[in-house]
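Here is the structure we will look at.
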Amino acid sequence: MSAPALIVLTGAGISAESGLATFRDPNGLWARHRIEDVATPEAFARDPARVHEFYNARRAQLRDPAVRPNAAHHALARLVAAWPGEALLVTQNVDDLHARAMPGMAAARLLPMHGELRKARCLRCGAVHPWEADLSTATPCPACGVAGGMRPHVVWFGETPLGLDRIEAAMARCGLFLSVGTSG
């Protein structure tokens, strides 16, 4: 008998032990920032500098050597790697802690449905680039050269999560579903 297909869904709670703020806790990001000001396409159109400041600070956290995958990231990486059947780790997190915990297999078995902070996307040409530096309204796109159209490669409120077709197909085959660090 073959193993059932496994899907693991993770949320911000899994990265809290690594030192990253969650969103909905009393001291979470949404207690200190209004979603409408920093996490919507309308916010970016209205005040891109403010949105860049918010995401630049979050990206800077990921460069801190103290912020690294914790025991839960590593345990899930081992589980997904050792699973004898199909396995997919879907994360709502935009940090790269799962990818760091599962090098070499991240692309095949990891789907960051809300995007990735360490990537930037050009609104003009659509190119997605690895990104470590701060973004600003003057940042040019490495592909098309146009300045002012680079944004964090994250899914904002009102946008469609990434990889939904892949997630739906995996859910149709899913025999075991785990949810870790999610709320609601």
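Placed from the backbone N, Cα and C atoms, the Cβ positions cover glycine too.
As recorded in TrEMBL, the features of this protein are as follows:
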type     : residues                       : note
ACT_SITE : His114                         : active site, proton acceptor
BINDING  : Cys122, Cys125, Cys141, Cys144 : Zn(2+) binding site
DOMAIN   : 1-184                          : domain 'Deacetylase sirtuin-type'
- Item | Least buried by Cβ count (within 10 Å) of the binding-site residues Cys122, Cys125, Cys141 | Cys125
- Task: Please report the number of other Cβ atoms within 10 Å of the Cβ of the residue listed as 'active site, proton acceptor'.
- Result: 20
- Message: I want to check the contact list for Cys144 (Zn(2+) binding site): same chain, sequence separation of six or more, C-beta distance under 8 angstroms. What comes out?
- Response: Cys122, Arg124, Cys125, Ala127
- Query: Quick one: what's DSSP say for Cys141 (Zn(2+) binding site), helix, strand or coil?
  - Reply: coil
- Task: May I ask for the distance between Cys141 (Zn(2+) binding site) and the residue listed as 'active site, proton acceptor', taken between their Cα atoms and rounded to an integer number of Å?
- Result: 21
- Query: Whose Cβ lies within 8 Å of the mean position of the Cβ atoms of Cys122, Cys125, Cys141, Cys144, the Zn(2+) site, other than those residues?
  - Reply: Leu123, Arg124, Gly126, Ala127, Pro142, Ala143, Gly145, Val146, Gly149, Met150
